[in-house]
Structures are given as C-alpha cells and as structure tokens.
Amino acid sequence: MRTKPGACRLARSRRHRAQPGVLMVLSQAGEVAAVPAGTDKELEAPPGLEDDAGTGQPCLHPAPGTEAAGAEERRVCGCCSGSPWPRCCEAPGTKKKAACPGLGLFYTLLSAFLFSVASLFLKKIEDVHSVEVSAFRCIFQMAFVLPGLIYYKTGFLGPKGKRIFLFFRGLLGSSAMILLYYAFQVMPLADATVITFSSPVFTSLLAWIFLKEKYSIWDLLFTLFTITGVVLIARPPFLFGSNVMGIEGSYADHLKGTIAAIASTVSSASTFVILRKVGKSVHYFLSIWYYAVIGFIGCVIALFVMNEWRLPYCGKDRVFLILIGLLGLGGQIFLTKALQIEKAGPVAIMKTMDVVFAFILQILFLNHLPTWWTVGGALCVVASSSGTAIRKWRQSSKKAKQNEI
C-alpha cells in the first residue's frame, strides 16, 4: 500500500517537534551553546543537515512525474516540500555513517578542560583588570562571529521584534562574563567555578517567575541544596566565626568575589530565560554578536571611567590574554559540537567536570588546597545542578515518546 505524500510530511514534522528540548548548558561567562528547553525549538542545524538530511532514510515519495528515466537531475522529493531529491533524503540503498560512540561526551570533556585552563591563565595574569580581560575576550568573539553573520546573511541587528531581547541578552551575558572574571581574580578558582554551576537551578526559578514554567517540589529542593553549597563556600562570619580558613587574601575580597560569582550566575540564568523566550527565531551567531559587541562597548566605557585601560607590561600577560581568548573560543566550539551530536542531559552532567578540573588545576599550579567546606559545597551544588539536568532530560524524553505515539 502506497503511503500518501502528505502523511510522510506530517510524520517528519512530528519527529522534529517530538525531539527533546535541549537543556541550557553553561559554557562560560554567560555564554550558552544550546537551544531553549521547554519550547519546540531545536539547535540550528549545520549547513546541509536541514530536513533530516543524513538520516539514511530513502525518499519513498518522489513528486509525480519524476520517475521518468533521465530525470534524475530534475527529481524533487514529494515529502520534503519540493526540495531537490538528493539534498533532502539520501539516495535509496545508502546507509548512514555510524557516529563514534561517546564523541559528544568527549567534546564536552574537552570543552570543560579548555574553559578550566582559560580560567587558570586568568588567575596567572598580573596587573590587568578583569574588565580589560573581558574586552579582549569580546574582540575574539566578534572576530569569530563576523564571518558567520556575513555567510548566513543574518544582518547585524536581527528581527525588529527581537532586538530588545537581544540587547538584554548581550547586556546580561557580558555582565556575567565580567563578574565571573572578577570572581576568578579575587577568590579561589574552585570556589568561583562551583558557584557558577548553580546556574541551572536559578534558571528554573526565573523560568517559573517570568515564563510560567512548572516549578516542582524537586526544583525547590535543588534550590535549597544550591544555597547550602554557596553558604559553605562563602562561609559568612556570623555562621563560621571571624577566623575563616582556606581563602585567598582578605575575607573582604573573598566576600566580594562570592557576591560577584552569584551575580554572574543570576545574570547567566537570566540570559537563558531570554533565549528561551526568543527561541529559534534568531540565529545563534546573531545572539553571540550582541553578546560580544555590547560587552566590548561596556568594557571600554567602564575601563575609561575607572582609568584602568592599559596594555600589560609583561609579555607573559599578553600571551595569557591571547590564550584566554583562543581557549574560550575553542571551548565554545566544542560544546556546540557536543550538543549537535549528543543529548543535552548527558552533556550537562559531563559539564560538571569543570569543577573537577578546577580543583586539580588549583592544587597543581596555584598550590592552594581546598578546604572540606569547599568540597562539601561543591558536592551540594553539583548534585543539585545534575539533578536539575537529569529531571529536564527525563521530562523531555518522556514527552517525546508520548508525541511519537
């Protein structure tokens, strides 16, 4: 029995909508490499992968009149909105190339390592303000994104109705980057890294407030666990006394770094909520463009107001600045590739290796042993973030199975 072309097209559209919503995964400093969870939007597919290209399924419904001999160059697919047959569906008889098992998780691990090394270099830089480091990072982002904007012809401003969201995405994302870099400079590397991992918990809370998404008792429990972990890391004197051990410098700087890290986390969570609202209507490159341009302008203004703009005196610091930009860009690329070939749940869990790398690098290269309070706080935050990721992953998978039925 021959299936109607319309039925095939409907089945294909259902498969797209049934795919699990990608969880927001924190890359670094307010950047995201995923598509909003809780919507029917998906990651921007790479060129040549639209319309289920590469699924290995033969085109069962060529458009009427295309079966004639000699018409292979003119054949169009009747199940893919009239797209040329070789582009939308692979030729009959061909098999899909098997993906390397675990490649997406390896990309995630590599991304976590690159981000951690970039944070280590930030700790090694001397006499350069965190705002200036952020400005150099924005320059690298703009240099990477500009060719993509030209290639995809997205423009530089975006759709009129989305520009206000893009502006706040850029403002909040760049603010998260500056605050996180400041936290890295004034407090232990592992402490600042752990606090940033509370972002998924704050994202759930803000999505409940502004997007009216469901907020369950489990989300509340994960939020309380996160707060407990942050308190163990901050160790306020009214709870732990005035003699706080295991911090860098004075407790005042440690407290400022903690506040900056928390503010960075909330800003990142706000960025995720904005991107959920925008969805796939705005190209991913355009979102990064706003992030980089607004961040660079804000950094330049702040540096002139604070009178902190100056080139590093030491050649080593200049090399570190370049490496921070390159490693951050590499980490973002590998995280994006991981999310293209792997489900977001395992990627979000593997991202917790950021914390492990931060502890290892802090011990080996900074000669700073973490306290048991920090380890306990890290366990609380990582457990709550992983729990949030696993719940979102299971919910989206269950919803996908229901839609398939």
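In case you wondered, yes, glycine gets a Cβ from its N, Cα and C as well.
Annotated features, as they stand in TrEMBL:
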DOMAIN    103-234  domain 'EamA'
DOMAIN    256-385  domain 'EamA'
REGION    41-67  region 'Disordered'
TRANSMEM  104-122  transmembrane segment
TRANSMEM  134-152  transmembrane segment
TRANSMEM  164-184  transmembrane segment
TRANSMEM  190-211  transmembrane segment
TRANSMEM  218-238  transmembrane segment
TRANSMEM  258-276  transmembrane segment
TRANSMEM  288-306  transmembrane segment
TRANSMEM  318-335  transmembrane segment
TRANSMEM  347-366  transmembrane segment
TRANSMEM  372-390  transmembrane segment
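Within the same chain, residues 27-28, 130, 133, 181, 184-185, 189, 192-193, 320, 323-324, 327-328, 330-332, 334-335, 337-342, 346-347, 350-351, 353-354, 357-358, 361, 365-366 sit at least 6 positions outside the transmembrane segment (104-122) and bring their C-beta atoms closer than 8 Å to a C-beta of that stretch. In the domain 'EamA' (256-385), the DSSP tally of helix, strand and coil residues is 110 helix, 0 strand, 20 coil. Residue counts for the domain 'EamA' (103-234) by DSSP state, with H, G and I taken as helix and E and B as strand, are 110 helix, 0 strand, 22 coil. Among the listed stretches 134-152, 164-184, 218-238, the one sharing the most Cβ pairs under 8 Å with the transmembrane segment (190-211) is 218-238.
In the predicted model, the domain 'EamA' (103-234) shows an average pLDDT of 88. Within its own chain, the transmembrane segment (164-184) has Cβ neighbours under 8 Å at 28-31, 119, 122-123, 130-131, 133-134, 137-138, 158, 192, 195-196, 256-258, 260-261, 263-265, 267-268, 270-271, 274-275, 277-278, 282, 286-287, 290-296, 298-299, 302, counting only residues six or more beyond its boundaries.
Sequence-distant contacts of the transmembrane segment (218-238) (same chain, six or more residues past either end, CB-CB distance under 8 Å): 191, 194-195, 198, 201-202, 204-205, 208, 244, 247, 251, 254-255, 258, 262, 373-374, 376-381, 383-385, 387-388, 391.
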